[in-house]
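Accompanying notes for the structure given below.
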Amino acid sequence: MMLVAVLPWASSPVPPMKLCSGKRTASAMPLAAKKRSASSAHHPGRGRALTAATATAPASCHDDEQRPRLQTLDLLRFLEEDGWVEDQMLSLLTPVDEAWQPADLLPTFAVAAEEQRVQVAELQARAAGVPDELLVCLVGNMITEEGLPTYMTMGNRVGPAEGVTDATGRDGHGWARWLRGWTAEENRHGDLLNRYLYLCGRVDMRQVERTVHHLLRRGMSMTEPSCPYHASIYGAFQERATFVSHARTARRAALHGDACLAKLCGVIAGDEKRHEVAYTRVVARCFEADPDGVVRALAAVMRAKVTMPGERMTDGRDDSLFDHFSAVAQRAGVYTAADYGDMVEHFVRTWRVAGLQGLSGEGRRAQDYVCGLPRKIRRMEELAHDRAAQKEAQSVSISWVFDRPVRLH
């Protein structure tokens, strides 16, 4: 779904949530002149340059006191009316008839009872070699994925605004269809991992289910302004982070001999990659229309202490459960502070932030800050790594694995 990010000042990463690579994993900067002219040829009016003549210039999202917040939605409306959402985002969603389903990847009960037992026994035999720390990472990822009802609600916070939010729950415009399509694809992730964990017999499913229950009851406090720039930037980072986490889990599962788990995490990572491409495209298009506003929004997101979707995770006993999950993921190499620095550098390069021209004074300061951030993050990660190396080994009992101790550092 969305989500694992390490804060620049944090010593450990904040793990993710919520996919087999889709056919469309092309450049995350899809708006080249050739593509625009081709789109315009087939769809009159599409691919037009966004100017004051075609839409009101969007306000900088973090400057809501000076300019009405709803004005920031003009760009999204324009992209919908221009056909851009249909061409560049909805095309990344897999048709239902072509999409994988959890039942395709796990033991089936549509066979004779003996064959069922054989399939489950084979899954459990492979899972027996998976170490507890990787199981903790897997459970944490699954629980975060299961928070999808909260995330769909958060994804509808850029309104209320006609043509942008899903006001009725079945609106036909592109943004509403994207939100529902994204949710439908993400919904399979928690289902798939949940069923694997249940069948493998390696975790305490009641404690896992209690944690999901707590997470949904406690909700999520998203401190970022509910505006298009911040939300799309946040989405791009989260989707890339979850792609990294699921892909790493897949590789480590394969190393420990569980080919089934490796495949499950691999197909989830493929979905996350497609979703990352979609949000990356949105931000790239916004940069074309309003570079000053978007670079300031990007800097604001980087400076903010962004609340991660699973941060309020608890099993009812351990209120630091999310921190422990994050520390285990860091030590296991599933998602690390260094990954966050790589991610910031990736987006700075992909969105061509260093080459932006015509910025205001505040925009230039934001540009300098963002472009210098990867280097700062890496320095801080090195210091955190050195401090961790000097600490004594520490373990904590985690209820998900029957209170067995799992090493944090």
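The backbone N, Cα and C atoms fix where each Cβ goes, glycine too.
Copied over from TrEMBL:
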REGION    32-66  region 'Disordered'
COMPBIAS  49-59  compositional bias 'Low complexity'
BINDING   Glu145, Glu186, His189, Glu272  Fe cation 1 binding site
BINDING   Glu186, Glu239, Glu272, His275  Fe cation 2 binding site
Out of Glu186, Glu239, the listed binding-site residues, fewest other Cβ atoms within 10 Å surround the Cβ of Glu186
Measuring Cα to Cα, how many Å separate His189 (Fe cation 1 binding site) from His275 (Fe cation 2 binding site)? 13
For Glu239 (Fe cation 2 binding site), which of these binding-site residues sit within 10 Å, Cα to Cα: Glu145, Glu186, Glu272? Glu272
Give me the CA-CA distance between His275 (Fe cation 2 binding site) and Glu145 (Fe cation 1 binding site), in Å, as a whole number. 14
